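Annotated in TrEMBL:
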- 63-131: domain 'CMP/dCMP-type deaminase' (DOMAIN)
- 33-60: region 'Disordered' (REGION)
- 112-131: region 'Disordered' (REGION)
- 6-30: transmembrane segment (TRANSMEM)
Amino acid sequence: MISREAVQFTAATAFGAVVSAVAVGLFFSFRCPKPRRPQNDAVQHKSSRQSPFDPSKRKGYLSWDDYFMAIAFLSAERSKDPNRQVGACLVSENGIILGIGYNGFPRGCSDDKLPWSKKSKNGDPLETKYP
């Protein structure tokens, strides 16, 4: 009787594994990528690896605008403000980065000595970041 239960348990486990694999396969096959307009004749989906003997440049690379926006988003992650993180990337007309910044305290000022809250529990404006 124990061997029969072991066979049933093994069969149920195998069936569960097969059903899980099918479900995961269906999930990944029906995912729709977000539509994105390429600006540099790039392909919308990542293509298979390019041949190492192909002399042409890679397709699907970022446009300059997307590159500079990504730098601004990344610099915003440096902000310690709990309510708003803002990043900036200043670029010349020639595509040269002039500066990168984010909302934070000036150099040399400790950001631990002043409050970060938007509102005060006591109504005291000096306990907020907006005195």
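Each Cβ is built from the backbone N, Cα and C atoms, and glycine gets one as well.
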The domain 'CMP/dCMP-type deaminase' (63-131) [mean pLDDT, rounded to integer]:
91
Per DSSP, what is the residue tally for the domain 'CMP/dCMP-type deaminase' (63-131) in helix, strand and coil?
16 helix, 11 strand, 42 coil
